[in-house]
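Presented below is the structure to which this report refers.
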Amino acid sequence: MAAAATMAAAARELVLRAGASDVEEEEGPLGGGSGLQEPLQLGELDITSDEFILDEVDVHIQANLEDELVKEALKTGVDLRHYSKQVELELQQIEQKSIRDYIQESENIASLHNQITACDAVLERMEQMLGAFQSDLSSISSEIRTLQEQSGAMNIRLRNRQAVRGKLGELVDGLVVPSALVTAILEAPVTEPRFLEQLQELDAKAAAVREQEAMGTAACADVRGVLDRLRVKAVTKIREFILQKIYSFRKPMTNYQIPQAALLKYRFFYQFLLGNERATAKEIRDEYVETLSKIYLSYYRSYVGRLMKVQYEEVAEKDDLMGVEDTAKKGFFSKPSLRSRNTIFTLGTRGTVISPAELEAPILVPHTAQRGEQRYPFEALFRSQHYALLDNSCREYLFICEFFIVSGPAAHDLFHAVMGRTLSMTLKHLESYLADCYDAIAVFLCIHIVLRFRNIAAKRDVPALDRYWEQVLALLWPRFELILEMNVQSVRSTDPQRLGGLDTRPHYITRRYAEFSSALVSINQTIPNERTLQLLGQLQVEVENFVLRVAAEFSSRKEQLVFLINNYDMMLGVLMERAADDSKEVESFQQLLNARTQEFIEELLSPPFGGLVAFVKEAEALIERGQAERLRGEEARVTQLIRGFGSSWKASVESLSQDVMRSFTNFRNGTSIIQGALTQLIQLYHRFHRVLSQPQLRALPARAELINIHHLMVELKKHKPNF
């Protein structure tokens, strides 16, 4: 409709302008249609406003020309005036139709107006109702807030009353003394369970009353008297019971572990005394310390004394040293020596005392051993004595910590109050024994027993014996070192000329050393100690020097080598039975044995084959220096060597084998030496063959008499000893 109206207006405007234009054309330029041109008196013209109006018209026309309907009308060549009238007619028809429609719907419109008016009235009433409801809600909200505040205050008062009630209930329960408690404390024996239960209740009430009294609670005065009387009664009964148990320790042949177990069952008794009657608790502790310290001292003094009676009667003395000759003590007034002095240098089965099975074996019973006429070395007695000490000390320490409720330094002090006198007595006895002890193996075994017992005590979490173990080791180590140094000095000062007749067999001093060293090395391997290895190293040096001094007494080098080899082989064999193959002692004697064996083989081959050895060495030296031509003058010597070897080698080898087997006590060592000698002989003859293959000696007629090297090897194998 708007577009049509716009187009109609535009059409009317165009029609008007077109009409004006036509009129002007009809009138012509002269007006009136006369065709004459009359000058116009227009005066001063102001065309500014007209130009502005034309501009607006142009813009309006241009805008209308953009309309689709106008474009379509212009395109089809429609007469705008006719089209404008048609449009105007249509607009009038539409207007009239609209008026008719409005008149037809006037009743509906009036009804709609009435309905709208009624709705406005209803909405107004609802607005009033909602306003009243909002006002009511505001008042209700304030009432709810008031109720919430009142409820919170009531909750706080309730919680406060409940808290007060709970504390008052606890206070009353803690202060009230029930009749069951009174009856149990006064009438029940201390061994009954209900006495212990009510004693714990009494302890709790006494603690509660003390706490409340500190805070100024007046109600405590009402029950203080009753609780004090009950406490005194309970303390009296507990004191009598515990002292009775302590006195039972004093009965002869009493197994004090039984009363200790009974005391542990009622350990709360002492806890009660400690919290309610410290004077009585101290009295009981002092009585326990005094009683048990005397019992332990008496028991161990008796046990150690009876234990020493089953020691071997024959013990090492100051003259039983490694370097002391067997004939030194034989005199008119001298005591008979040990059945065999060598036994004090031999470990034998003594080392089993530090094995796990023997270490914690039951202790020795002296009277049983005496009835069976059994005797033991000192280390076995030491093990039994200290295992009993370890076992009882561990049990005592744990009992003290649990029953007397102590730990740390306090537990150590209480333990030493009980066991201190016993430990001191044991140390004095050990010190007295060691002052006259010359058995190094026994002392060394005792050291290792202590090291193992110290580990056991640590595993049992009993540190109270740590200082005692250190004191024992402080006695054992210096004595062990002193005995070892005495043996070193005895070997150093031994004069070979005073040892009697010379013999190439192993010397008894070297045998003592081998047994002694292997014993200490095998023990030391379990818990290595560098100081022990140093002392053994000093002893080894002195023994090696001693062997060389004795060997120097032989007139021939061959006898010297036989003596050295026999002694080195014996010492090496004994050491390898107990010590590790890679120990310093084994490696050292292995090197010495190999060196002397090689020298002996050369000495052994020298008489029968010395000429051959000398020629081969000279010839190889000439060949190496490039002077092989000088071998041409040795034909006669070579011929003699070939024929001499061919005629005598079998007899020489036979004599050599017999000589070796006579010289060496160890058949295996003798066999090894023979094998080494035959091997070296084959190598020597093979080298002789290589020398004769030189051009200067290749044409020698005597080469035909050479023994085939393979034939020689086959023949020499026949002389290999079989054991």
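In case you wondered, yes, glycine gets a Cβ from its N, Cα and C as well.
Small disclaimer: the values here were computed from a predicted structure and weren't measured.
Coiled coil is the annotation Swiss-Prot gives to one range among 107-127, 233-253, 548-568, 569-589, and that range is 107-127. The average pLDDT the prediction assigns to the coiled coil (107-127) is 89. Same-chain neighbours of the coiled coil (107-127): none, counting only residues six or more beyond its ends whose CB sits under 8 Å from a CB of the stretch. With a 10 A radius on its CB, S355 (phosphoserine) counts 12 other CB atoms from all the protein chains.
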